[in-house]
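One structure below.
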Amino acid sequence: NSNGASCHFPFLYNNRNYTDCTSEGRRDSMKWCGTTLNLYADQKFGFCPMAAHEEICTTNEGVMYRVGVQVDKQHDQGHMMRCTCVGNGRGEWNCVAYSQLRDQCIVDGITYDVNHTFTKRHEEGHMMNCTCYGQGRGWWKCDAIDQCQDSETRQFYQIGDSWEKHVQGVRYQCYSIGRGIGEWHCQPLQ
């Protein structure tokens, strides 16, 4: 690439002198030119301006589309996008994630519609109730679920869970009650 340098005419390509832009050697018909006299020696080329009706965009699979055409493409991270061929002299695509078009949220690779609720484990281990708000940006919010955390082990327990605990050699059965304040109680086992 020539970093925006102007065309140099004539330029030599395939043992032939070109005095105008060509699409020779390109499957996508994009017109190009050499930006030095000898393309082989210098490996410098650039794309030529095209009329809007000539311009195309090419997918990774080699499929060609005219300016204005919309296609659905999969992003490298797996989510789907709606892409429009805008061209701009470079075969440029403008893509928008489905989550923005459909006002959805993508969380941990799972797509949720607006107002859908779901649970998610926080990186510290506690569970959260989450809601997809979308708002054109895939926005979502989570609040901690009423649960308990053992003050010694830092382990989280959901309401109704029970676990055994040893304190100074005595075995206890503990119960998660919650009540909005993380309440839990333990009783000695006989």
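Just so it is clear, glycine is given a Cβ too, placed from its N, Cα and C backbone atoms.
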C33, C48, C83, C85 - which one Swiss-Prot pairs with C57 by disulfide: C85
Per Swiss-Prot, the disulfide partner of C33, chosen from C7, C83: C7
Cross-link partner of C130 (disulfide, per Swiss-Prot) out of C132, C142: C142
From C148, C174, partner that Swiss-Prot gives for the disulfide involving C186: C174
Cross-link partner of C95 (disulfide, per Swiss-Prot) out of C83, C132: C83
Sparsest Cβ surroundings (other CB atoms within 10 Å) among the disulfide-bonded residues C21, C85, C105: C21
Remote residues contacting the domain 'Fibronectin type-I 1' (55-98) - C-beta distance under 8 A, at least 6 residues beyond either end: 27-30, 47, 49, 104, 106, 109, 111, 138
Integer Å distance between the CA atoms belonging to C57 (disulfide bond) and C83 (disulfide bond): 11
Cα distance (Å, whole number) from C33 (disulfide bond) to C48 (disulfide bond): 7
Residue among recorded positions N115, N129, C132, C142 with Cα closest to the Cα of C174 (disulfide bond): N129
